[in-house]
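Listed in Swiss-Prot for this protein:
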- His130, His134, His140: Zn(2+) binding site (BINDING)
Amino acid sequence: MSRLLVDDPCRAAWRLPIALRDISGVFAAMQCATGLEGFEVELTIADDALIAMINEEQLGCIGPTNILSFPAYGAPPDYPADGMECGTGQDAHTSLPLLGSLVLSVDTLRREAFLYGQPVQEHCLRLLAHGLGHIAGYDHGAEMEAFEEAAREAALATRTAR
């Protein structure tokens, strides 16, 4: 079991291309496909103003970005050792180890999708997979690309299975 905690301080979630009620399932599929089952992830849905403020305060960078990733650990965490299979194990009231926190700007997501000529939902899944890869300890490169592809494909499978 995995858990996603969603915060929407800017009331921007309505602009997501994936319904808020479906985001947890998307993350669960991504985590299962990439060996990160059994962790909690925090997701903050932001606008450009909020993500720009966090970007400057936390990273010293000026301006908005698409997604920020804040791993809970200095190194990739160990998988919870008990041989759990995806979708089994702890119930919703059990404490799970925190993998990390993500901040997604809906404004930048939509702007980039338009500029890149991509479907907004596809770009959203790509950004969420990218952020998940960073909090799992991956940096840019071939391993990150493989991680992102596995996560994105799993998320797409859950979206088309409905």
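One-based numbering along the chain as shown.
Any Cβ shown, glycine's included, is placed from N, Cα and C.
Just so it is clear, the model here is predicted, and its values are computed rather than measured.
Excluding the listed site residues His130, His134, His140, the same chain places Ser69, Gly131, Gly133, Tyr138, Asp139, Met144, Glu148 with Cβ atoms within 8 Å of the centre of the Zn(2+) site Cβ atoms. Around the Cβ of His130 (Zn(2+) binding site), a 10 Å sphere holds 21 further Cβ atoms from the protein chains shown.
In terms of local Cβ density within 10 Å, His134 ranks first among the binding-site residues His134, His140.
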